[in-house]
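The next block holds one structure in the form of structure tokens; read it before the comments.
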Amino acid sequence: MSDYSSELHIALLAVQRAVILTKRVFNEKAKGTVSKDDKSPVTIGDFGAQALIIKAIKHAFPKDEVVGEEEANTLRENKALSNQIWELVKGTKLDEPSSDAALGGELESEEDMLKAIDQGNSKGGNKGRIWALDPIDGTKGFLRGGQYAVCLALMVDGQVKVGVLGCPNLPVDDKEPLDAKSGEDASDGPGRGVLIGAVEGQGATSRPLGTGTLQNPSAISMRPIQDLKDATFCESVEAGHSSHDDQAEIAKKLGITKPSVRMDSQAKYASIARGAGDVYLRLPTSKTYEEKIWDHAAGDLIVREAGGEVTDVHGNRLDFGVGRTLKNNKGVVAAPKASHNEVVEAVKAVLGSKAS
Ligand SMILES: Nc1ncnc2c1ncn2[C@@H]1O[C@H](COP(=O)(O)O)[C@@H](OP(=O)(O)O)[C@H]1O
Ligand SMILES: [Mg+2]
């Protein structure tokens, strides 16, 4: 039986390398939005980070498939854009040569970069080894200088076995509690950048996000919470991704008085897993939207390995084995194990028939 140590190692390094690129994109103000769709913007960093991570996975585990958020069609139709991304990608490497070599080194050409992006086209499913990749989760947060995450998870036969979240704008300090400002502009703040990882059955860890050899990990766990009325709740910044009104009603039902913490991306999962917050709610805003597996796979395992439970709004575990989306689930409820049931009951009472 695999202990997934080499998968975790490669995933941590690949995410670290991709963050070098996303930070460059941000700092060089090359973050221009690519897609016309204002609701789900895509930046040049999304494409570049996806290429770098898929290159690393295919080098280390050639037979594995990848479900990646992006595809290269737009770039094949827009040579100038493709070239702009290649100029950023080609110089991006870890500053420690043996770590970079473990990821297969640099992509060799612009065409290789496009091919790597397109290798994220797996249909998903419940057979074999499939990685779920979100190169920049929380693109809107990224563009604002707020929270975003580079997210990578390995699923085997539909079960998440390894999860990694690179959160460049979260504090290094696991115990720095969230407050109303945690989701706001935090780019280039001192003491920021954390890399969270988990392997099924082996717990979750955090370490400072570096640029070369991996730094030493510390075990993380959710905060023991005696009474839910003292809980800190996290939710999306975007009301279109999760209903703020329903969330406020649920918080009230549980006696919570603290305002919710709004932040983009799976930084919410990372934050509750290390005890900086307690509960993450994602409440459906439409009957038709299907959550994407790359928005949840890593966070789901990390929270469960840190002593939490993660389900949908009906209390069912998230089913990652049914394709590129979580079509069997609605919304997300993540909370410490001992309180999870109480939160789900409050969610059910408030959503009632709205969640079916
Ligand atoms: N109507 C909707 N409901 C829920 N999630 C949505 C949504 N439209 C887009 N999203 C997803 O929400 C993600 C961001 O989550 P959050 O709100 O927690 O920051 C987006 O990821 P990207 O930023 O990678 O596109 C996108 O996949
Ligand atoms: Mg995403």
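Positions of Cβ are set from backbone N, Cα and C atoms, glycine also.
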Among ASP246, ASP278, ASP295, ASP300, TrEMBL assigns to the Mg(2+) site of GLU69, ASP134, ILE136, ASP137 just ASP295
ASP295 (Mg(2+) binding site) has how many other Cβ neighbours within 10 Å of its own Cβ? 24
Out of the binding-site residues ASP134, ASP137, the residue with the smallest number of other Cβ atoms within 10 Å is ASP137
Around the Mg(2+) site formed by GLU69, ASP134, ILE136, ASP137, ASP295, list the extra residues of the same chain whose Cβ is within 8 Å of the site's Cβ centroid. ASP46, LEU133, PRO135, GLY138, THR139, ALA149, CYS151, SER265, GLN266, LYS292, TRP294
For the binding-site residues ASP134, ILE136, ASP137, ASP295, which residues place their CB under 6 A from an atom of ligand 2? ASP134, ASP137, ASP295
